[in-house]
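Written below as structure tokens is the structure these notes are about.
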């Protein structure tokens, strides 16, 4: 079992790295994942360490790459995976990569900015065309319903937009047109009416379809409005109100000829903008496609480079500032690999003096390292979620591989559902090399990481489903029931048996809604079901009572076994750490306390199952009552399960009572005795030495 049963044996090593080779050496160590660094600069602030500038440079590269990934995802360009885990870039390529990324970012920002500007202009021109089209209908409607005034008869044939007519009226007529959000149209009209005191006319109409807002990019419904007013002061008020409501105001033509010229100019500009915008988008997509080819590997490389500089910040310099000293925890089995990694890093950097290492003794507790693979990783994560074990303790993940799926199956216990779960997990296992599964959404990735756990959970659920005889909440009659209903009819028995037993006849069947099978009647109970629970219990009215009693007893048995096994594993820890006093003062009293009470309960469950049969089930005592009487000492004789039960139970209670003070006081008093030099409680070292020849 090796490392899976206990954590790896660790040692403290000291690395001596030349300044020019430190980056390459740590890169080689990181690729192999051999060591855990100790921080030798704990009293130094993060901003005052040697390689803080390089860390900031890596963070700047991460920001640029995050921007590139964001733009690539926005353009719906798939990210090629490339190499799964590329190594950290050499120092000679770091500056070159930084210049390339900065140049690419600047180019993308410029192209994106131009694209947004063109898109905004296009949207504004499109809005202007809608305003001209809809407001033209407003003018026609006003001219159609315009009243005639007797005091100005010469105006009947003049255009509403004729400037000479306005002069003859002695007032200056002005227009403001534009777009407003649909939700603000009603409030906008009321505000204009109150502010202008009725000296303005607002005409509006809803556009046929929604338009994209040039400022926010949100697609919303718009209203086209046309405001007619008299006087410059009212015109200033109207424009201020339009600004407050964030209206998109566009110039309104005074004549029909001017309107036509503006419309033609808008159509020409819109066509030109469409052409330029399409070319800009094509160029931007080409740039993003080229960037997407290497962005995945560069993200990983920058992360590794940043991790290397973080580790270098944990190292200390010697007196000459030419050599870095690092302290690492390394498994003793990997010391040879550690030396090879240092030699490889020195060779890659071309240094004349290689880096080297040596082990140093220490009394500090090393970190816990447990090697896992793709099968055991999920179970180890379950154990680590409750807490990582101490150094060289027994690793419970090895046993969790069996106990966790089995205890789940005890609760789940359905043949059909368990088989479906097993097939789902088997599908994930067979396709575990598919890249989309490991990089999918969070919920799918969670199922994928626990695929082997689901596989065993489904497999054990199939087994417990057979034991419970439960398949999609239905029983399966695979071997034939062990109960015979026809044997309960009185016609199949002699007159003497009919007088002694409660048998069925036509009258009993006709007048009773519930019939009871009597196992004492010959031929009714022919033997237990070969595997699991008899399917006839699915028809019984007391089915739920029977199954709950059975599952509760199974839970008690499995729970006691599980707890006892945990205490036994603790004994292995005490033996390994040479603390035998914990065995006598902790483990053995725990076992005695547990087995004398709950172990005895398990014994009574098995004893009742083995001794009492279906024929004698009516006289079988209740385990719950017997267990309660164990602590109450009843005056009257209750019969019990077996002869001498009362004496056995009293002996178990005495052992339990004696183990309690040992659990509470044994270990503390023993540690106090050791702390005071073994001289308290009237016992000293001189008393423990031999007084004569042995």
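Every residue, even glycine, has its Cβ placed from backbone N, Cα and C.
Outside the coiled coil (94-128), and at least 6 residues removed from its termini, the chain residues within Cβ reach (under 8 Å) are 57, 60-61, 64-65, 67-68, 71, 179, 211-215, 222, 248, 250, 262, 266, 269-270, 273-274, 276-277, 280-281, 283-284, 287-288, 291, 298, 301, 305. The coiled coil annotation in TrEMBL covers 94-128.
Cβ atoms under 8 Å from those of the transmembrane segment (406-430) belong to residues 437, 447-448, 451-452, 454-455, 457-468, 470-473, 476, 551, 554-555, 558, 562 of the same chain, restricted to positions at least 6 beyond its ends. For 406-430 (among others), the entry in TrEMBL reads transmembrane segment.
If you look up TrEMBL, you'll see 451-468 (among others) marked as transmembrane segment. Same-chain residues lying 6 or more positions outside the transmembrane segment (451-468) and placing a CB less than 8 Å from one of its CB atoms are 374-375, 378-379, 382, 401-402, 404-406, 408-410, 412-426, 428-429, 432, 531-533, 547.
Long-range Cβ contacts of the transmembrane segment (554-572) within its own chain (Cβ-Cβ under 8 Å, at least 6 residues beyond either end) map to 394, 396, 399, 403, 407, 410, 582-583, 586-587, 590-591, 594-595, 598-599, 601-602, 605. As annotated by TrEMBL, transmembrane segment applies to 554-572 (among others).
Feature annotation from TrEMBL assigns transmembrane segment to 584-607 (among others).
The feature transmembrane segment is assigned by TrEMBL to 651-674 (among others).
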For the coiled coil (94-128), provide the mean pLDDT of the predicted model. 90
